Amino acid sequence: TLCATYPFALIFPKSITDKEVLQASTFRARCRLPVISWCNPATGAVLARSSQPLVGLMMNMRSNADEKLVAALCTQFASAQDGRRKLYIADARPRKNALANGAMGGGSESSANYFQSEIVFFGIDNIHAMRDSLSRLREYLDTYGTTSSDGMSSYLRHGGSTWGGGNLSSMSASVSTLGDSGWLIHVQSVLAGAAWIAARIAKESASVLVHCSDGWDRTTQLVSLASLLLDPHYRTFKGFQALIEKDWLAFGHPFSDRVGLPTLSGSGDMPLELPRQSSVGSFHSSPIRQQSGSFASSSGSSNAHNSNNYSPIFLQWVDCVSQLLRMYPFAFEFSSVFLVDFLDCVLSCRFGNFLCNSEKERQLSRVSEACGCLWTYLADLRASEGRSHVHYNLFYNPVKHEGPLLPPAAALAPTLWPQFHLRWACPNEVEAGDLEAKCRSMANKFSELQKAKEVAERKTREITAAMESLALELRNEKQLSSSAVNLAKKASKENAAIKRAIQSLGCKINFSSNGDTTVDIEHFPASYPHRSLYSSAREPEGNTQSDEKSDLSVSIAVMADDDPPTESSHRVCESFCPLRSNDGYCRWPEAGCAQVGSQFVGLKANFDAFDRLSIDDGYF
């Protein structure tokens with residue numbers, strides 16, 4: 001009820017009552033009263049927007065409620081001694097246009113009526129001038145591009161004198177035609193106005209109120225572009241979506257009128273519907289096109305120029321964003337390709353986000369229920385390839401531009417946006433000069449090499465782990481081999497000791513090489529026959545009992561009872577052995593006596609085994 005083209009919720013200073021809000025709305029064109037669009041969280045400075053005041057031809061009409069509302073935008077500084085902040089009222093129109101609107105009841109504010117304010121005129125032309133400018137730009141591209149809309153090369157048209165035919169005057173004329181289109185001048189005017197607003201808020205902590213005639217074309221361009229310069233959040237995908245949803249869609253930019261999209265129809269009790277419209281003739285053709293016959297004007301009369309509301313306001317704003325992206329390639333998360341695809345989606349009528357002229361119309365027609373969402377579509381495209389998608393800016397570095405972007409005046413010289421304006425007229429040149437595409441190709445190659453490197457590193461780690469495992473097994477084998485060698489040496493030493501001990505008895509022995517512990521002893525000479533041959537494992541005989549563990553360490557040969565002992569052993573046993581009988585025989589022939597040389601050492605036996613033996617008393 002307050003304003004049909006404003007969003008459902010508005011932000012005002014707390015000191016303004018609802019009654020004063022209603023009173024102030026009657027003093028502004030189309031009831032679009034001053035409201036806050038963005039606030040600096042650090043300083044409290046605000047960026048506000050509205051339509052022109054209804055001061056009349058004599059500029060003597062005033063509204064106390066409007067003046068109080070505007071003055072409330074100039075809040076106190078944090079420090080009371082600094083006083084109130086300054087207010088700039090930025091009128092986007094040329095001064096003469098503002099005065100001309102006074103004849104129709106409009107006009108501009110007077111700084112005398114608004115406390116601590118300053119009025120600034122930006123001189124940006126109206127929607128009709130922008131429409132004619134784009135038409136002349138299209139004519140220039142159609143004439144001097146590689147291939148025009150008639151399918152004929154610019155080298156062949158007009159007898160070859162247009163370009164490349166050697167006529168220098170025609171070449172200079174083409175450059176002059178680009179300048180005469182005025183498109184770049186208009187883009188520069190919008191950029192300069194937005195940069196000025198951002199500088200006042202960022203450097204002076206001043207509040208700025210922006211308006212034009214109705215407050216939904218040039219005002220929207222300046223406010224949204226200034227917000228993009230001031231707030232890094234709006235330079236991301238989510239922030240860019242929020243910025244367009246807020247300043248363009250919610251605040252009622254008439255997309256149906258400006259772009260030629262479907263609008264709301266219906267009257268009385270008739271149901272609301274979105275009629276099907278033709279997209280032919282969306283932008284008014286230039287006089288040059290009408291004369292050349294390339295395109296026929298859809299209006300059919302010269303008076304249609306004044307009533308035609310088609311104008312490339314949104315296209316011009318996106319063009320300004322592309323200029324900022326060119327100047328600050330590290331400040332934006334999205335790329336120029338994203339802007340081109342975004343514009344194509346807006347103009348395609350495939351989505352309902354930009355249908356109708358206001359938020360209220362879209363809600364009444366239930367556009368969101370019947371149409372797809374552009375933002376979801378673009379988000380799904382990016383999600384399909386991740387950060388490598390062409391919509392992502394390869395150079396984006398949020399740390400480098402954390403604060404506002406304040407371009408100097410010298411940097412605000414725009415160039416023709418090649419990715420959009422030249423993509424059909426000069427496709428090869430655009431592709432060859434696209435630095436971002438080249439960098440993206442290099443980034444893709446780098447990504448492939450990075451993946452190959454990761455695969456090689458993974459294989460290297462696997463091979464290294466296998467080598468370490470083999471090295472560990474080799475060390476274990478070496479340890480086992482060393483242990484076996486030590487055991488063999490120890491066994492060899494023991495065998496040598498046993499051999500010497502047995503050889504001390506005057507016998508010759510040979511160890512078996514089959515790995516067993518059995519000892520084979522050679523026979524004595526024939527004059528000394530053996531009684532028996534014993535090995536390390538005792539054989540059970542008579543009533544003698546033994547188990548598997550009843551074994552002796554050394555096996556020796558024992559002579560028969562009826563054989564006379566050798567002189568040396570008889571002498572040793574007779575001298576030292578306590579078990580030797582008086583008649584010269586051993587009372588314990590199976591005891592396994594141990595001698596070193598000719599010296600009796602004693603019994604070397606497993607005494608645990610002895611304890612389990614049944615000993616014959618006759619041995620003692």
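Cβ atoms are placed via backbone N, Cα and C, with glycine included.
Automatic, uncurated: that is what TrEMBL annotation is.
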Scan 377-407, 439-469, 470-500, 501-531 against TrEMBL and say which stretch is down as coiled coil.
439-469
TRP216 (substrate binding site) CB neighbourhood, other CB atoms within 10 A:
26
Return the maximum Cα to Cα distance in Å (whole number) over the record's substrate-binding residues: ASN126, ILE127, CYS212, SER213, ASP214, GLY215, TRP216, ASP217, ARG218.
12
Determine which residues of the chain contact the coiled coil (439-469) at the Cβ level, with the cut-off under 8 Å and only residues 6 or more beyond its ends counted.
388, 390, 394-395
Limited to the coiled coil (439-469), I'd like the whole-number average of pLDDT.
90
For the substrate site built from ASN126, ILE127, CYS212, SER213, ASP214, GLY215, TRP216, ASP217, ARG218, further residues of that chain with CB within 8 A of the site's CB center:
ALA92, THR219
